[in-house]
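Taken from Swiss-Prot as is:
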type: BINDING; residues: GLY164, GLU165, SER166, GLY167, ALA168, GLY169, LYS170, THR171; note: ATP binding site
type: COILED; residues: 947-1091; note: coiled coil
type: DOMAIN; residues: 4-57; note: domain 'Myosin N-terminal SH3-like'
type: DOMAIN; residues: 70-786; note: domain 'Myosin motor'
type: DOMAIN; residues: 789-818; note: domain 'IQ 1'
type: DOMAIN; residues: 812-836; note: domain 'IQ 2'
type: DOMAIN; residues: 837-859; note: domain 'IQ 3'
type: DOMAIN; residues: 860-884; note: domain 'IQ 4'
type: DOMAIN; residues: 885-907; note: domain 'IQ 5'
type: DOMAIN; residues: 908-937; note: domain 'IQ 6'
type: DOMAIN; residues: 1230-1505; note: domain 'Dilute'
type: REGION; residues: 446-526; note: region 'Actin-binding'
type: REGION; residues: 619-640; note: region 'Disordered'
type: REGION; residues: 1092-1567; note: region 'Non alpha-helical, tail domain'
Amino acid sequence: MSFEVGTRCWYPSKEQGWIGAEVTKNDLKDGTYFMELTLEDNEVVNVETKDLTNEKDPSLPLLRNPPILESTEDLTTLSYLNEPAVLHAIKQRYSQLNIYTYSGIVLIATNPFDRMDQLYSQDMIQAYSGKRRGEIEPHLFAIAEEAYRLMKNDKQNQTIVVSGESGAGKTVSAKYIMRYFASCDEENSSNMGNLQHTAEMSETEERILATNPIMEAFGNAKTTRNDNSSRFGKYLEILFDKETAIIGAKMRTYLLERSRLVYQPKTERNYHIFYQILAGLPEDVKQELHLTKADDYFYMNQGGEPEIAGIDDVSEYGITIKALTLVGVAPETQQHIFKILAALLHIGNIEIKKTRNDSSLSSDEPNLKIACELLGVDPSNFAKWITKKQIVTRSEKIVSNLNYSQALVARDSVAKFIYSALFDWLVTNINTVLCNPAVLDQIHSFIGVLDIYGFEHFEKNSFEQFCINYANEKLQQEFNQHVFKLEQEEYIKEEIEWSFIEFNDNQPCIDLIENKLGILSLLDEESRLPAGSDESWTQKLYQTLDKPPTNKVFSKPRFGQTKFVVSHYALDVAYDVEGFIEKNRDTVSDGHLEVLKATTNDTLSTILESVEESARKVEEAKKNAASQDQKQLKKPTPIRQVQRKPTLGSMFKLSLIELMQTINSTNVHYIRCIKPNGEKEAWKFDNLMVLSQLRACGVLETIRISCAGFPSRWTFNEFILRYYILIPPVEWAPIFQKNDLTEQDVINLCKKILAATVQDKEKYQIGNTKIFFKAGMLAYFEKLRSTKMNSAIVLIQKHIRSKYYRKQYMLMKASLSLLGAYSKGTVIRQRVEYELEQHAATLIQTMYRGYSKRSYISGVISSIVKLQSRIREELEQREMQSKYESNAAISIQSRIRAFVPRKAYESKRRDTIVVQSLIRRRIAQRDFKKLKADAKSVHHLKEVSYKLENKVIQLTQNLAAKVKENRQLSKRLEELQATMVTVSELQDQLEAQKMENQKALADQKDGFVLDSKSLKDQLIKANKDVESVKFELATLTAKYTEMEAESKNQLDELERTKTLLTESKTQNSDLYSEIKSLKEELAHLQTSIALGTVTTNTNIVPHTPSRENRMPSGHMRAAEENISPNQLKSIPSDTAADHVSVNGYGMDDDIINTNTLTQINEELYRLLEGTDVLNNEITEGLLKGFQVPDAGVAIQLSRRDVVYPARILIIVLSEMWRFGLTKQSESFLAQVLTTIQKVVTTLKGIDLIPSGAFWLANVRELYSFVVFAQHSILTEESFKKGMNDEEYNEYVSLVTELKEDFESLSYNIYNIWLKKLQKDLQKKAINAVVVSESLPGFNASESNGFLNKIFNSGEEYTMDDILTFFNNIFWCMKSFHIENEVFRTVIITLLNYVDTICFNDLIMKRNFLSWKRGLQLNYNVTRLEEWCKTHGLPDGAQYLQHLIQTAKLLQLRKYTIEDIDMVRGICSSLSPAQLQKLISQYHVADYESPIPQDILKYVADIVKKESTSAHNDIFLHPETGPFNDPFVAVKTRKFDQVEAYIPSWLVLPVTKRIVDLVAQQVTVPDA
């Protein structure tokens, strides 16, 4: 032990138990150490000692752990394992709202006295499901999960022992453990896909959970320490089958506090059930039971507080009634139970009259009569045995009177007997329901939950406290043996050297209680004596036990003869003997028992029979035990057959022995519940109270056992990653750089570290997988590491500062040299500059004078030259003007001469055209009359129509040719214009050259004439070229004008022809209307004849009204473009079948060839009527055998490539409706809808995204068609023709129901698909967003390559996988033409899901809450944000706010209150509870200071003040459905025609034939 100045330690305190201190002085004088301690309250304490290393010296303070370890999750990891360290760790965690702490194999649960629903939510259950203990923070769910997994994997029964004093939270803990098992079973059933099993198990689980409110109502009461205190012990076995599914349960109860029924101390209550029936029973029932209010009953008004704050007895009554019904208690039986309970209250009000020596009770006493009436017993006999007793001897029965006190005891005894019997009967009834013979045959394993009272000691301790402490002695002994066994097993498993660990054995105390001459045996012996009393029993105890060897654990008090003292494992307890004998007897008189057996209340009769059966089983158990003892002793002593009523003590002993046998046969887990204060105040921590409970519940004993061995255990990797710096780098650097690292390399490095740091090899042991350390070694290593790091930091700082200041010096030196050089250079440059300026001035003067003279001479010469050039220019211009005027005159003459004959020609041409027009008009009129005469013939009309159309086509072609020729002429014109521009540019060049030549003439007079002549020749030639071009341009312009006029004439003729055709059609419309009715009648008759043939063969005569009234209006076009019938003939049949009308129409029905149409209808009807083949082909071949087209960046899919299944279905459905096959269509659609949903349900793997999007697009297409059909039917009057109102309404109803069906299908497959996407995303998101470290250079320490090289396993995902996932969704939905609104909804839902599940996972991972992890998280989320921005979701970040703000929180400072306030402002999306959780779990790096405890307390206080129970949940709740269908908000697709496209790889012969037949309806008119 080291006590240098500055050492932190603990010093005893009367007020707080222990108080923190610091060594401020440590002097050694004359072999004595004089230490001065400064306590946290500034008090100074002096300590003197001879030896600082003597750990057993009580004067020495206890060493305190480093701050980073003070709030550890497992107390056994503390470096200094002592009482104050344990207490302080629990207190620190409690102040941070962490109520659970591990202490080795024990879970310590500190009652918060506050609602903590968020700790037990379904999200929390899922967080712990499948996790190993210690993987996430302590929780009772971790204990439950460990028990469940051990039972499942090791096939071994488990027990969870929940203990603690009243008010510590045992009942709540046991209840949530049961809920966890039920949830695990439900999850297990769901994973196995056994839906029926899940449904069945849910009922069993509900029944098991229903036992809680029943047991609480009949066995719990309000005490001074607890508002819901269990007044009995309970061991519940949850039974599992071979598949580890819950199939039932069994319950055992121990030592119900019967005296509470008749007596309650101040501020306490009776059992809850009495207050519940008074508050919840209907008024008429209460009148029948003669019930009023609690204050009117003696058994309920003694405590004085009939109500509990915050508890509604009416609602609790409803819960109890529901639970009773659930476990099989019939309503009639419930009424009988209430009668019994009411009778007990009335029994308590029976007034017994007191006489001098006796007591009396009239059979007419009102309360007695009511009680007997409710119990169904005789009031006279019942009253008799309240005031009398009967003693049975061998020869006679002696009846004597009871005094007043004895009569009260008799009255209360019968009440306690009835209530106890009722309680036991309820337990038996529950066991019968939850563990019937069918369940017994299936039991494979069980998990037992023991909810039992903790060690109790009060000012007055009676029989109940004695039994409770006896049970705790047995449990503590088993606990100590279990802890020792686990320690021993681990040492053996790791193959380390170990020595026997001594621990306090409480076997002497147990022997004192249960030996043949022990306390219980003497108590039973005294209880069987008629004159037995507490005083005589006490004397027997003193005489028998107050001597060796029992006097070590038994003693009598210094004063008085009414108590005895037992030295329990926790402390010595003095028991008051008053009432021991009476409570142990716990019997009712034989007279009362006979009266009760004669009851007319069937339920009470059943209860009494159950009591007798239980007593018989106890006697048989005792006989079996006695006979086995005789066999062991090998003495053939006869067993006396004496029938005795079992005492309460003997019954409790036997049940406790049975319980211990059960526990010893199972693997045990321990939960110790701690009550932090006596006032039940939320989040208040009383040091002394908690300390006493830690001592009593064996936690400190566990720690002492651990300290005696090797309490600290580190894996090799953890040890190296933490302490490798304690040896030189040359030792560990090669290991980290080694690629083929082995586990032996790791072990060797550990040995090197230990050899270099620890001299005493007894302080550690190296096992197979761990290193075991003695207590205090962890602090030793931390001190070495801190010293090493501090020296390294100093060294680094020294070198950094040295380099910095050297650099500064060198910079200053270089600066001085540079300054000198600059100064000298400046002086020299100034001198040189002056000389240069002098030289420049002289040179400027010289140059200026020369320039001035040259400028004057040049000006004179220039003036002369300009004068000469101007004169020459004027002469030349006059000559050019003369030539221009001459040429203009010639041009005017030629044009005038050409105008006169052209005008004459045009006049003649116009006259000729007029004549031709008149002749053509006369011919046209003649033809028109002929057409009118032949109009009566439909075939002639068709020919005329075709000729006119051909004429239109011919004229169109001519017009196109003319337009093409015009375009060529325009192109030629543009070329000529370009030539003119070129010529103009050439002329400009010549002009420029001419000017240059003129200037040259002034210097070269002699060559002027020749050059001028040459230029003139060139100019004349250029002018000729210009004239030629102009002439050609004029010719082309005239030709273009002529052709334009001709084109206009042809266009006019085309318009006239179209007008003529329109007039012809208008005139023929009258003829159409005349034959329309005949035509309709003919078509109807022929169709009927054809269908009559079919029905004759099938003996079915369906009603088929005309098809134009059956389907939505709007004729179908042969293709998307306008194609004439003649053109349609040349189209191949496959192409013609590609485009089909929505309703099956082809061209106008008036021109369909009747015979061909009849044949088509016959075959279509036959194919559609027999739906079995068609349904099977559509289901198996189309819907199940579909192929999804590839989607991606470079792939452009047409709509027909995507929705081909929908369009095929639409065609089939349309034809069914056209023929009136409504029943067949309903069957067909039902199978289609079911199959599509099944197909989507089975999607998985790489097919999930494309196939899901594919079916979303197809179902949307089908739904749009149905909406279109419904709208057409309801808005167009033509649909009512050919149908009566009944048929029309039936058709409307069919389409309306179909619309609803498709709405449901769209909703279902969207939900199924989205849930599957979430499930797929769940596997990837956490690894990719939370775990993966994509940002280089900021890898967290827990992801060190050392750990990954050896122990890395499992599938890993990165952000690239997540982005690929979202990219696949984007491209599939885009390629499949799914609306953007739907894509946006899907992505937003998935982003919210990623945000939720990643946050929920992150908040439970302690090691991931560091600033480096914050950087990595921020980087990963940023990549997701960028993807959203580039894919049309700029607001994607708002759906990832929790992750974004968590990343910010991890990177921000958190060391002051101002920092916390700033964090709260930035992280506005996080609740106070979430902020507190993240900050308290923040993983401090080696170079960071721990967050101060006062800051953590400040954050916790914010949660207490600002949060409500609804906002305390640290988890986000993912939106997992049901989801709203986003297609509801999107407009349906438009329908004009359906393109029937059947891919070549589909084998659908019947479907293809139907499509071909429908397509032939388009080509029939041209046949």
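A Cβ is built for glycine as well, from the same backbone N, Cα and C atoms used for every other residue.
Feature map: annotations from Swiss-Prot on the structure.
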{"residue": "GLY164", "record": "ATP binding site", "Cβ within 10 Å": "27"}
{"residue": "GLU165", "record": "ATP binding site", "Cβ within 10 Å": "23"}
{"residue": "SER166", "record": "ATP binding site", "Cβ within 10 Å": "20"}
{"residue": "GLY167", "record": "ATP binding site", "Cβ within 10 Å": "23"}
{"residue": "ALA168", "record": "ATP binding site", "Cβ within 10 Å": "26"}
{"residue": "GLY169", "record": "ATP binding site", "Cβ within 10 Å": "25"}
{"residue": "LYS170", "record": "ATP binding site", "Cβ within 10 Å": "29"}
{"residue": "THR171", "record": "ATP binding site", "Cβ within 10 Å": "24"}
When counting Cβ pairs under 8 Å to the domain 'Myosin motor' (70-786), the leader among 4-57, 812-836, 885-907, 908-937: 4-57
Per-state residue totals over the domain 'IQ 2' (812-836) - DSSP helix, strand, coil: 25 helix, 0 strand, 0 coil
Mean predicted confidence [pLDDT] for the domain 'Myosin motor' (70-786): 86
Counts by DSSP class (helix H/G/I, strand E/B, coil) across the domain 'IQ 5' (885-907): 23 helix, 0 strand, 0 coil
Helix, strand and coil counts within the domain 'IQ 3' (837-859) (DSSP): 23 helix, 0 strand, 0 coil
Shell list (ATP; ref centroid = CB of GLY164, GLU165, SER166, GLY167, ALA168, GLY169, LYS170, THR171; cutoff 8 A): ASN111, ASN226, SER229, SER230, GLY454, CYS673, LYS675
GLY164 (ATP binding site) - helix vs strand vs coil (DSSP): strand
Secondary-structure category, per DSSP, in which LYS170 (ATP binding site) falls: helix
Residue counts (helix, strand, coil, in that order) that DSSP gives for the domain 'IQ 4' (860-884): 25 helix, 0 strand, 0 coil
